[in-house]
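Swiss-Prot has this to say about the protein:
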BINDING   C65, C150  [2Fe-2S] cluster binding site
BINDING   K71, Q106, V118  glutathione binding site
DISULFID  C74-C77  disulfide bond
DOMAIN    54-154  domain 'Glutaredoxin'
MOD_RES   S20  phosphoserine
MOD_RES   C74  S-glutathionyl cysteine
Amino acid sequence: MLWRRAALAGTRLVWSRSGSAGWLDRAAGAAATAASGMESNTSSSLENLETAPVNQIQETISDNCVVIFSKTSCSYCTMAKKLFRDMNVNYKVVELDLLEYGNQFQDALYKMTGGRTVPRIFVNGTFIGGATDTHRLHKEGKLLPLVHQCYLKKSKRKEFQ
């Protein structure tokens, strides 16, 4: 398990245009540093290995207005993705069961949200719940305003760049 964490720490989750996920080396320098023994503290190295999935999740959430952490065989996940498709809202999906390190991501999501079930849905950087919670927000008329709020923020950021 430790070798998996070490491999995870040196990589970054990326998505292709087709929507598939894969791992990309974060930096060759990280591997060189570890190989040369320049790690100053074993406990801080282990701490970094523990936080790598959390950091990658947070980066994904901050880069996208809607993120659905899902599993391909989950009917609730399918229901949540359909809701956003029907609303004509772009979303980023991370299929945990297709990732080599999906269990570590699910553990990190548990630490962040208090639950291991999927889907885990984030809108505008905030965890809103699972499929049932998302449908409830939609029926109450609160979901679309959250999504629009995010798109407005992102468009304003682009104006000032």
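The backbone N, Cα and C atoms fix where each Cβ goes, glycine too.
For the domain 'Glutaredoxin' (54-154), DSSP puts the residue distribution at 58 helix, 17 strand, 26 coil.
Per-residue confidence over the domain 'Glutaredoxin' (54-154) averages out at a pLDDT of 97.
Neighbouring residues of the recorded glutathione site, listed in sequence order and excluding K71, Q106, V118, comprise F69, S70, C74, C77, L96, D97, G102, L109, R116, T117, P119, R120 (Cβ within 8 Å of the Cβ centroid). For the recorded positions given as C65, C77, C150, the lowest number of other CB atoms within 10 Å of the residue's CB is seen at C150. Counted within 10 Å of its Cβ, the other Cβ atoms near V118 (glutathione binding site) come to 23, all protein chains included. Contacts of K71 (glutathione binding site) defined by a Cβ separation under 8 A and a same-chain sequence distance of 6+ are given as C77, E95, L96, D97, V118, in order along the sequence. Residues K71, Q106, V118, recorded as contacting glutathione, have a largest CA-CA distance of 10 Å. Comparing Cα positions, Q106 (glutathione binding site) lies closest to C74 out of the recorded positions C65, C74, C150.
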